[in-house]
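*Asks:* TrEMBL lists His109, His113, His119 with the feature Zn(2+) binding site. Residues or ranges marked as active site in TrEMBL: Glu110. Taken from TrEMBL, the feature domain 'MATH' covers 384-549. The region 'Disordered' feature in TrEMBL is assigned to 478-503. Taken from TrEMBL, the feature domain 'EGF-like' applies to 561-601. Sequence annotations record features per position, and here TrEMBL assigns transmembrane segment to 610-635.
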Amino acid sequence: VIVAFILIPFKSEMRQEKNSIIGDEYRWPKTIPYYLEDSLEINAKGVILKAFEQYRLKTCIDYKPWTGEKNYISVFKGSGCFSSIGNRRIGKQQLSIGANCDRIATIEHEFLHALGFWHEQSRADRDDYVEIIWNEISQGKEHNFNKYSDKQSSSLNVAYDYTSVMHYSKTAFQNGTNPTIVTQIPEFMNVIGQRMEFSDSDLLKLNRLYNCSSSLTFMEHCSFEKENICGMIQGSDDNADWQHVMKANGGPDTDHTNMGTCQGTGYFMHFSTAEGSVGSKSYLESRTLYPKRNYQCLQFFYYNSGNENDELNIHVREYSDTESNGTLKGFGQIKGKPQNYWQFYQFNLKASNKFRVVFEGIKGAGVSQGGLSIDDINLSETECPHHIWHIKNFTHLLATSSPGTSGKIYSPRFHSKEGYSFQIGLYLNGTTTNPGNLAIYFHLTSGDNDGNLAWPCPWKQGTMLLLDQNPDIRHQMSNQRSVSTDPNKKTDGGYFWDNPSQVGNKVTDEDGNTFFRGPGEGTSSFLTHERLRSRNFINEDSVIFLLTVEGKQYTLGRGESLQLCKKNVCENDGICVELDMKPTCRCAVGEDWWYFGERCETKGRKEDTVITAVVSSVVVFAVMLVITIISTCCLTKKYKKKSKHQGMILENDHHFLY
Ligand SMILES: [Zn+2]
């Protein structure tokens, strides 16, 4: 990736204005009203909503659709990614998520600007940590390396952070091939410029600036390192106990958190099935928790060294006024052959009252040399990713693969909730044009449900996340990329996202089954090997990808409500949007049906006639495209005029991609 950044200078304003982030007038309320403009790419809209979820998980900042509040952030597709610094109190404050800005860390970065942060290398003390190589900077771009004094900007008593998501990379604005930023500590040369996730210091600063004491969706984390085991308790109506151990007979020999690397630490919980009678059970229950959202994702690592008939059941014990002992509700079960490694599991829970999470171990029939173990639990009020791809012996794979398609491996085939079959392709050593990087691609594959699905596949968003196996979800810096299936995208001989049996290649999997694999969309620069080896991306010589495919909502301007639209009623779940100062309906589209008409009053169906369906959807998308183009132009013009008038300070990041 070549990442470059441009700061648009509004010279006179910059000197006159008190443009520092110091000052309460630049703060937003903790819940920020936002509006997603129609001009945004559909994939970008989905990623923006994911970025908001990271803010909700790791900070006290929340976002809500604008409903007429005085000041709000209007997110639109401008040329590049940019934002002003802090709350300018100008009503509609624009933030651009342009082409190639649809990555979660880029969006987090822009919103950090809006929340009041300059780049990390603009800090008053930056010369102690980096050297700016002025003669390597493209002419006219020097202002991007401005420094702001400690009267203008505060570092909030947090040390300089080379790993900040707000730091430029060494290649920013270079006029040749030499770096423009050299780190005083050489080891950080390839660390600066990360765009994976918030760093711990980014979060510390944001949480200090906004006096955060808790987050909206985080609930609990436990790596069992402390003797109080995070307030977890042994159940009373059972006949065995979970043990707090560093090693279990029969395995595992180490915990998952530290993998035996730290002496004197490294605990996990173990339920032995080597003794006791069949059916004996043991409950491990979390402290009481109080939900806000009524849905939760439980993630943890599990090790089975017992017998394949042993079970781990996941329950929620939910309390109500009439049930003071709580009621147990089951949300999942793990059963299967013992494995000699830590496996990653996740379960969606639904608790709407005070509750505990309950791990129930049950000894099954048969001989056991070991038992069941759990470690590194995280619970948050989020939706779990849908699928897990666990790749073992990863360093061996990396060492023995060559760049290009011969080094490309594929995930198993998974099904989306609506029935689309898909697969992830991973170039371990990069593509031939971009070696040394993980490259990742999302492919549709043929499946049993294909006859019942809409083709070309309309606007499904596939998200591919490489898990940072840091035990605490709040400190994880996972790397992810999303792609959306644009039903109008063309490929040789048809539509890119059409039925894979039409546009794909016939392939044979390891079990000898044949199927069709469609073309893939993704990136050749998912993650450099250097970053891959950092943090906890590889743990126990495994990497874990979490995959999600989400639905139709991105065709609609989700979460948008407008003044003009208050009078306009769209029918059948159509959403009202403002277009040229007129309310306009965006109608709902399903797998094999769609609404049309001024108020979405008429329903069309695939069965009506296939030809009509194809023609209509093409027309609908063509119209959408025209609308997008027009509104982008209009916005750009308006924006230019306004920004001069308002004297905004703009900071512009252009991210170019190869
Ligand atoms: Zn920036």
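In case you wondered, yes, glycine gets a Cβ from its N, Cα and C as well.
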*Asks:* Give the three-state DSSP assignment (helix, strand or coil) for His119 (Zn(2+) binding site).
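*Replies:* In three-state terms, His119 (Zn(2+) binding site) counts as coil.
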*Asks:* Tally the residues of the region 'Disordered' (478-503) by DSSP class, grouping H, G and I as helix, E and B as strand, and everything else as coil.
*Replies:* 4 helix, 10 strand, 12 coil
*Asks:* Write down the Cα-Cα distance for His119 (Zn(2+) binding site) and the residue listed as 'active site', rounded and given in Å.
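*Replies:* It is 10 Å, counting Cα to Cα.
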*Asks:* Other than its own, how many Cβ atoms are within 10 Å of the Cβ belonging to His113 (Zn(2+) binding site)?
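*Replies:* Around the Cβ of His113 (Zn(2+) binding site), 23 other Cβ atoms lie within 10 Å.
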